[in-house]
């Protein structure tokens, strides 16, 4: 039995990828690049979505993204080779998702403060519900209408994003130009604490911010790149992305390789989606109680998620795989429910739009390399369990960056108190200048 299992051909990553792999007679690694390009485009396009929404408004940008994602999926249903699928489903649909996701999450952070963890959790449950409903029905659509017909139906469903975008109530949270100048000047002073306050005063009086620079910061706050805490959190995102996407791609084919029936294997994704939904709501509510710091809760959930994935290859029967899917879904939901909330705490809600864009852009390397890297291990070892092992290790590494962030938070709090005690006069001078600046 063991020899039969090892000699069995490696199955493709899912119903759609499977049909595409067989249709074009390609490898699992080549077909997985469709998903990888789409995920990477979502990440690369996030700063563009953030800047466009700041300029044109969130509603029209989200509606445009919904239209682009629909066009990409419909065009992909007529693709004649993998390159065309890379361009349509990978790039065009991915860019449409970037234009819808970033502005929507930014608006959510603006509207809620005290209940932001619960709001983020509830808003993200839509994908869990859709996964639960679409996974078995999508397998049915592929069986009945082929992969081309299934993609055509999905393209029509994507048009609902335009309707969702139309329902978004606009909210203007632009920072006034004077406050932008004040913020830039404060960042400059705080980033150079060794400079005497008098020399800082003289330099600030002689140096005025370029209006073009102020305008750019309004739409794309590039000063985030110099924020050490933000960059550490972004590195967490890179390694987390290596492990986030691989399990959803390879759970079904791994179950098939263990002899689980086709529709039972598809049901595993539904089980994971249900527990994912429960995890988001439950742990979003727990985060809202403020029993522990949100970053501490995120550290725990990421470590647990890595451990669950490392245990994945031990599951060989449908019952064991169902338990694994339930555990993975629960902890994954707990992680996704609060990671945006932690980002808002790192940079502040006023900079959340730009922070989301840059965070997604930096994280894109992990989203791009994750599925193909797992596919390489799977093709070499002829075992989908290696994909789970790679994802688990990546998540444990990402938890190390969260620990570094927590230490930076502790040191930053203590240093902030010392600066207030030692340089109280300098801060009073800064407040006095800011007051005079506002009056002028």
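Glycine too: its Cβ is placed from the backbone N, Cα and C atoms.
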Segment assigned the feature transmembrane segment in TrEMBL (from 263-283, 410-430)
263-283
Give the range, chosen from 58-84, 85-111, that TrEMBL lists as transmembrane segment.
85-111
Where TrEMBL places transmembrane segment among the ranges 208-229, 230-251:
230-251
Have the transmembrane segment (263-283) and the transmembrane segment (356-378) got at least three CB pairs under 8 Å, pairs 6 or more apart in sequence?
no
Are there residues at least 6 beyond the ends of the transmembrane segment (384-405) whose Cβ is under 8 Å from a Cβ of it, and what are they?
10-11, 229, 232-233, 235-240, 242-244, 246-247, 249-250, 253-254, 257, 295, 298-299, 302-303, 305-310, 312-313, 346, 366, 370, 373-375, 377-378
Does the transmembrane segment (118-138) come near the transmembrane segment (321-344), with 3+ Cβ pairs under 8 Å (pairs 6 or more apart)?
yes
Please indicate, using numbers and ranges, the residues of the same chain that are 6 or more beyond the transmembrane segment (295-315) and have a C-beta under 8 Å from a C-beta there.
236, 240, 243, 247, 254, 258, 283, 286-287, 321, 323-324, 327-328, 331-332, 334-335, 338-339, 342, 345, 383, 385-386, 388-389, 391-396, 398-399, 402-403, 405-406, 409
Can we call the transmembrane segment (150-168) and the transmembrane segment (85-111) in contact, meaning three or more C-beta pairs below 8 angstroms at a sequence separation of 6+?
yes
